[in-house]
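Asker: Dumping what TrEMBL says about this protein:
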- 36-64: transmembrane segment (TRANSMEM)
- 40-487: domain 'Major facilitator superfamily (MFS) profile' (DOMAIN)
- 76-95: transmembrane segment (TRANSMEM)
- 107-129: transmembrane segment (TRANSMEM)
- 135-151: transmembrane segment (TRANSMEM)
- 163-181: transmembrane segment (TRANSMEM)
- 193-216: transmembrane segment (TRANSMEM)
- 333-354: transmembrane segment (TRANSMEM)
- 360-381: transmembrane segment (TRANSMEM)
- 393-420: transmembrane segment (TRANSMEM)
- 459-483: transmembrane segment (TRANSMEM)
């Protein structure tokens, strides 16, 4: 199946071996971190700050909004969670917009829309006005949520793919922390002014995002799809670890665009794309076994990332801390800042583990850990809820479990959902595949965040987290059964791994043996080339 981007191990270097010395091979084996791709990924991933800031700031602002606008708990749930559903409109529009004007300018559009939405929320005079602002901001967030991981995946070299593709999740957490800090900083203002400043301040990051994005290059994939091969080659050489890898990536994208391999012109005519109609048919109506397996994995990982209820912890942490006995608004906001700090620290740790430990181990550790933590959180909250006196150890256990939940989530399920779902889709299906992931992710998040208060009022807050623990257990078995390891896998290896939902382990073992044989043959060939060089 064509279309997957080749990894650094998937590009044959035997053709160029005759012209390289042993030193050259040593360098290519352990490439340094590509600073240009690193900078591009950071700039693109800044778009994810918009979502993180909104989630973080709303968790604290809603305390004051409820008192100021005199709204019910149901209205609170809708206000907090509806942005996730509005995201779907932005994500759908972003797919087509990015194919039309390019990835880079689509990020600028995302920043501009969120800027307007933040100002509307900041100047809102009533609940209806505030909902209009949420609608506009939600579209901007949807744009950002789709385009940031797509751009990052398209500029990342294979050796840093997991590291760089985790950046969008990193910046969501940085935005989350900024939102929490904003809550605490502006909580001293008058109640009717404070929440408006908290929400309106979201316009500031969007300005810096729009300016910063203009300094980065366009995606090489989009350039090739427009027939601009010369510009694409320049970008690929800057964002690849070796010339061989740049050539391999160029060949893969040219094949997906229908450009002949021997075409070397800087500007070529490319057949107009069909805006994805054929892609949607391939995804849903006539999927191959490989595409079907990929789709199940992508939908599953995004569903379970949100269905375990982590957004309930993040969005409603002040309420959870209140249930635990922390009644002061200042203390609740400080405890919430600790949640954001814990989440941010551990997501940074995860970025360095993705390409060293792999996706599967981190996913299984994360989902298994969430089962234990959520069940323990349920235990502590139930003890507190059934006691007339303050039980210090139970309060401490509750706070510890809240902080642990965001930490364990951030080392696995948080970043890997975006990394994994982006890298497993074939190149020709990537934009639409990413939009499916965003849709499932946001719908599930919206349902969870708009039902949490009603859920815990119906079955108790301890019961709600016990339910989430059960979902996390199902997630663990889903990941263990269906998701192959993708770390360091090449184009050919991806084809072998996907296609057998429960039989992929046998193929993985075959690939492991095949890779060892290839490495042995490569060492023999390298030794022969070095011998030839000495004779010359």
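Placement of Cβ uses the backbone N, Cα and C atoms for every residue, glycine included.
Quick one: where do these features end up spatially?
Answerer: Same-chain residues lying 6 or more positions outside the transmembrane segment (76-95) and placing a CB less than 8 Å from one of its CB atoms are 54, 58-59, 62, 65-66, 106, 110, 113, 127, 130-131, 134-135, 137-147, 276, 315-316, 431-432, 434-435, 438-439, 442-443, 445-454.
Here the transmembrane segment (163-181) has long-range neighbours at 37-38, 41-42, 44-60, 145, 148-149, 152-153, 155-156, 198, 205, 314, 333, 336-337, 339-341, 343-344, 347-348, 350-352, 354-355, 410, 414-419, 422-423, meaning same-chain residues at least 6 beyond its ends whose C-beta is under 8 angstroms from one of its own.
Same-chain residues lying 6+ beyond the ends of the transmembrane segment (193-216) with a Cβ under 8 Å from its Cβ atoms: 39-40, 43-44, 46-47, 49-50, 53-54, 57-58, 60-61, 64-65, 68, 104, 107-108, 110-112, 114-115, 117-119, 121-124, 133, 137, 140, 175, 178-179, 182-183, 186-187.
Residues 56, 59-60, 162-163, 166-167, 169-170, 173-174, 176-177, 179-181, 183-184, 187, 313-314, 317-318, 321, 326, 362, 399, 402-403, 406-412, 414-416, 419, 487 of the same chain lie 6+ residues outside the transmembrane segment (333-354) yet bring a C-beta within less than 8 angstroms of a C-beta in it.
Counting residues 6+ beyond its ends, the transmembrane segment (360-381) has Cβ neighbours under 8 Å at 301, 304, 308-310, 320, 323-324, 350, 353-354, 394-395, 397-398, 401-402, 404-405, 408-409, 411-414, 416, 420, 460-466, 468-469, 472-473, 475-476, 479-480, 483-485 in the same chain.
Within the chain, the transmembrane segment (393-420) has long-range Cβ neighbours (under 8 A, six or more residues past its boundaries) at 149, 161-162, 165-166, 168-170, 173, 297-298, 301-302, 304-305, 308, 310, 313-314, 317, 320-321, 324-326, 335, 338-339, 342-347, 349-351, 353-354, 359, 362-367, 369-370, 373-374, 376-377, 379-381, 383-384, 387, 437, 441, 475, 483, 486.
Long-range contacts of the transmembrane segment (459-483) within the same chain, counting only residues at least 6 positions beyond its ends with a Cβ under 8 Å from a Cβ of the stretch, are 293, 296-297, 300-301, 304, 307-309, 312, 320, 323, 359-360, 363-364, 367-368, 370-371, 374-375, 377-379, 381-382, 385, 413, 420, 452, 501-502.
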Asker: Taking every residue in the domain 'Major facilitator superfamily (MFS) profile' (40-487), what is their average pLDDT?
Answerer: 88
Asker: Using a Cβ-Cβ cut-off of under 8 Å, list the residues of the same chain that are 6+ residues beyond the ends of the transmembrane segment (135-151) and lie near it.
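Answerer: For the transmembrane segment (135-151), the nonlocal Cβ contacts are 40, 44-45, 47-48, 50-51, 54, 82-95, 97-98, 103-104, 106-107, 109-118, 120-121, 165, 167-168, 171, 202, 206, 219, 418, 422, 430-431, 434-435, 438, 441-442.
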Asker: Using a Cβ cut-off of under 8 Å, list the residues of the same chain at least 6 residues beyond the transmembrane segment (107-129) that approach it.
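Answerer: For the transmembrane segment (107-129), the list is 44, 47, 50, 69, 71, 75, 79, 90, 94, 97, 101, 135-141, 143-144, 147-148, 151, 196-197, 199-203, 206-207, 209-210, 213-214.
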